[in-house]
């Protein structure tokens, strides 16, 4: 902090936990410094704040001329002090009024005792609940029905004796029913049961004073049972007796002139409270009648309530004089602009800039062009050290207006010198330890951002490049992650203000490190637009370019071609070129421009008829012709007619509206996702947990791998026939046909017939068969065999073949059992979780299972020898490489995977169209998709728009459409209404005959055969007839017969209805029903009502008679689904099966239908799945649904993100919606919940329940402004005091010597890319070898000048084998790369000024010919000596460079480029020193005496000279993990003779020296010395 605060005796600590509670009246009085009694703020006589008024001077100063009377500080420093108002009568706190009512229902309103106690078993259960809020609700639910406070209870002793009476100390009074009305509570006392019902119950007001009195009597035990807290939140504190008055800084007033002040809303409101309070006091003293007093009490209650909350339902809002509602305290806190979300969770910050962006193809991917005006405004505080004092002095001299300058100097006392007003700025002598706020310079890391920030690639770290003019410039390829274009977009830039932040930005957030996105494990940046189009043109098969033309490509472009154009668009057509190369546009754009715009669609249909059956007035009625319904036949080129234009505008308008609505919807979805998952992090034990420590996943993503490190790979054991599988993997040494060819193996002859070896190979083959079976039956049942897995095996094998290509044509020296053993060992080494407990072992096995199958299938014995032809060296190298890469691809502890998952799901949602119109499928079966469906899933909606089942059938039925139809009709729910065409009621008095001609035959036929029962009932039959006519088509469709329908009707009504039905073959399908009357009630007047009865029967019949099928299934469609199953040869074949899809769901009943495959049947309503199949099935269903939504429009999101989301939603055993009803019902801290929604309610609830927030979450720490425990803050750093004491102090170096090093030493660059000054033309590259971006050789330095990360051992560094003299052509002063005009050696750079005293060209240590200081030396990166981008050991993916590795912490003393012992120019480090001659005897690499802990190694010790014989870089103990390892040490420099890549000692073919050989595992405990001996012997 640069500002100095006045001295305070309070110790400074970070907040560890927050205790919520209610203030008791005693506390309020104790906190208060003034009792406020007057509503005025100013004393009119003295024109000063009035004592005892609302702006009492003791509360804090409001005027910069006066000091605060309490603390004596001025306006800027005084934090303000609380006052208090003594209320004449207690009032309810508006936030707690509902809680007060509930407590009234729990305790006796007479004696304050809880109405139930442990003697009630349900109550005993409720009291045991630990969470106070839940406990209170449980107790309230039991007590609210209890209407009497019992004096003694009957207790049953359980042995059948008389129940005993035990006293519980109640008072025996009846309890009132409490009702809330506005701001009042009313109690209604019901009289005892034995009184008359007519008697009016007593109803009266429960005054706050009365309730306060009752609450004071609640004893501490009951207090805890009710979920309160004796110390922090007693129930009576929910009523306000003393109102705290916030200090003026909370409610500042504006001075218009000396007299008038504009007061804040809260001040107005407090004045109203005081006025009302004075009125009540006055009336009390005057002894006014009660009804008058209660009027004024209600007014006081109203003012206190609206002061806190002015949006009370059913209450008039308190208004200001202008008629604007007053802004209450609650309104200040809640909502997006409120205190929490607006000022605590997110604030406006300093050191930021915003301007328009434009593109610049000449910038690096990770650079950003910053206007000079911004660079002069933004600063970075740099601490003065011996290494930068010259440079900083130069900046201070330049002052604030000249670009490489400075704005402020801050002394160690904290005083700030403003250089704008300091006339003698040039004379300020900087001291070590001061700070200089210097301008933004080239290569400073900055955070660059474009809103909306939908994923983490919307904020990335760029390197500054200061440029003229006023816009930010950025490389074209970086626009896609920002979703930016140059049509006027603006972007924000933030400057980090501490070395830690800079380090974190440049090592974690740098653009090159974000190229591969974890969202869908693919690059998010690529070549776009012009570049893409140009690249395609240059690389067409028929375009040939001369070498010199390529060299000068920037100056002219070849126009050679010799191709006859085809009939379609010429390849030279500019539009077509853009489409084909993919830089802009699509096929449809071309068609619409040149051929025809096509049909316009609104809401998924053609243009609708707007009025009077036409779409526009000049069409005729019912015109369905194309032009009337919106078909545009013209192209944009020909132009649209007016009506076409109008229809086109309609469709376009819909798109715009859709986009606007969608943006708001998806923005809210994204916010909810982030809030639900924000605290989920990978911990150091490999588990994924939230801030409470609940385990969400045992292993992140179920495999523990980082989403950016996986690639789609095919597991080769899954596809293919059994025969081809055997051919590919089985080795039979006893059968010459199936044995490996002799010519491929050195031991080819010996292995023939080796039974023991055959046993090993059989075991391997058996394992492969098991893999194949398991993967086919469990994992990939549909025969799909690609899956995102870590470590690209194909690439590793290819690199192995190329690096060790000598062995490709010779027989391999591998032994077969070595391969099997090697693969087994490798599988054991793939550790995701470490530990021995059974649980850990199981998780470990599950996590690596798929990858093990992949490794076993790729590195099977037969394939290694026959297909890949690896020899021992290349095989061992590959094994080591796989292990290293696998360890590298594991997820880092501290990674905030929750937020990544939320962004990965929210971002595609933004791209989704809102209403995805129903896809044209079978008879309009529609499914909700897109954003509306995503909303349903995340809200866990009870009633979804389109519930549907997918009913799979048993094998034999699924193949046969006829059998499937039987099941279909059995499932589809059919009511009588579905098949009825019409119903009629007739008066047809004779039951044996009929007045209807067409029914005559039916009736005759029925009565032709006499039946006793029928004869009996004829007498009782009603003359009214209900006649149903059924629809024959529907009956046939549903396969129903008349008899079945009639039987269902009879079943329903039994003997009371007489039913006659026509034959199935009759002309019309008729059912005749008559009511059978009870002979007892054969009165005449019944006849009159009978037709009414019949009408009711008719309605009931149609609605409720279910003919067949399952309730809830309205329709069933038959669909053919593709199915791939292995046939008898073992190959997956595509087949078809019939599947039923339904509208409506009823999973439990459908599963029970015979013929349905219950195992596969699926419902898209996962709430139903939860009730039928349980939570684990729900998790899969939920995953499937989210996947469907995302995959529908062709997006792909990696499995792990969706898995994490569904795991969070189901982790507690019930479905947690991603809404306030789900997220905010979790037991996370109150601060975290209130930062989402319902801010004030949650804080009030937290106060009443006296919650404790332990600040483990993200939001809590953001609110408190602390470092949250995530990412680099997830661990603590242990400081080694011993090393600290022995470390060199900054001041111990002569300034001159240090200055050379300090040239640019203070800060590393941000990215591993850079331009190279020189290249050796003698280098030959093999095709493709080692140029993969991930391939590393950790020791060879300077390798791979053409790739980002490192290359192969045949290192193209500009070196010659032994000649290291100063005359070496690569370093001579005459070397073209080293002119004084060379750009890296700019004479204007301040520290290079030839007049600088430390730069004596004659100084032996600073000879420009010193090889280590040539600007072309890879270790001399212009930004810092320690930052050689070409060094593979600096590769961001290099194992030894793990940002978590303690020895490589950029702040560790041994790494600090500012540490004196690392200055490459320090005299003792001169590589030209004679003892560095490689032939010098003292330079023995095997010298045993070199131990980094030996006293002679203390960097400050006088004995420590690199010339000391014991200092050998190749000495075994000089391991890269040793604390002394620094890439800048000259012994690691590519110019060191020991590292000459061409030196025979560095033979890439020497197996022991392979940098990635298994012995060189970066985690291997020692870099074993005997390797070096072997090497010497070999030479």
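Quick reminder: no glycine exception, Cβ is built from N, Cα and C everywhere.
Annotated Zn(2+) 1 binding site per Swiss-Prot: 68, 71, 78, 81, in sequence order, evidence recorded as similarity to another entry. Feature annotation from Swiss-Prot assigns Zn(2+) 2 binding site to 108, 111, 149, 171. Among the features that Swiss-Prot reports, region 'Bridging helix' is placed at 642-654. The ubiquitin cross-link annotation in Swiss-Prot covers 1080. Per Swiss-Prot, region 'Disordered' is recorded for 1382-1579. What Swiss-Prot lists as compositional bias 'Low complexity' is 1382-1565. Residues or ranges marked as repeat '1' by Swiss-Prot: 1385-1391. Annotation source Swiss-Prot lists region 'C-terminal domain (CTD)' at 1385-1566. The repeat '2' feature in Swiss-Prot is assigned to 1392-1398. Swiss-Prot lists 1399-1405 with the feature repeat '3'. The repeat '6' feature in Swiss-Prot is assigned to 1420-1426. What Swiss-Prot records for 1427-1433 is repeat '7'. Look at Swiss-Prot and you will find 1448-1454 tagged as repeat '10'. The annotation repeat '12' is assigned in Swiss-Prot to 1462-1468. If you look up Swiss-Prot, you'll see 1497-1503 marked as repeat '17'. Marked as repeat '20' by Swiss-Prot: 1518-1524. Among the features that Swiss-Prot reports, repeat '22' is placed at 1532-1538. Taken from Swiss-Prot, the feature repeat '23' covers 1539-1545. For 1546-1552, the entry in Swiss-Prot reads repeat '24'.
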- Message: Taking 8 Å from the centroid of the Cβ atoms of 68, 71, 78, 81 as the cut-off, which other residues in that chain fall inside it around the Zn(2+) 1 site?
- Response: 58, 59, 60, 61, 69, 70, 72, 73, 79, 80, 247
- Residues near residue 81 (Zn(2+) 1 binding site) by Cβ (under 8 Å) yet at least 6 apart in sequence within the same chain, in sequence order, are 32, 33, 34, 58, 59, 60, 68, 70, 71, 247
- Same-chain neighbours of the Zn(2+) 2 site, Cβ within 8 Å of the mean position of the Cβ atoms of 108, 111, 149, 171 and not counting those residues, run in sequence order as 109, 110, 112, 113, 170, 172, 173
- Query: Rounded to a whole number, how many Å is the Cα of residue 171 (Zn(2+) 2 binding site) away from the Cα of residue 78 (Zn(2+) 1 binding site)?
  - Reply: 54
- Cα separation, residue 111 (Zn(2+) 2 binding site) to residue 78 (Zn(2+) 1 binding site) (Å, whole number): 47
- Item | Proximal but sequence-remote residues of the same chain as residue 149 (Zn(2+) 2 binding site) (Cβ under 8 Å, at least 6 apart) | 108, 110, 111, 113, 115, 170, 171, 172, 173, 174, 175
- 10 Å Cβ neighbour count around residue 111 (Zn(2+) 2 binding site)? 15
- Taking 68, 71, 78, 108, 171 as the binding-site residues to compare, which has the smallest set of other Cβ atoms within 10 Å? 171
- Within the predicted model, mean pLDDT of the repeat '7' (1427-1433): 40
- Would you mind splitting the region 'Bridging helix' (642-654) into helix, strand and coil residue counts from DSSP? 13 helix, 0 strand, 0 coil
- Task: Based on DSSP, name the secondary structure state of residue 111 (Zn(2+) 2 binding site): helix, strand or coil.
- Result: coil
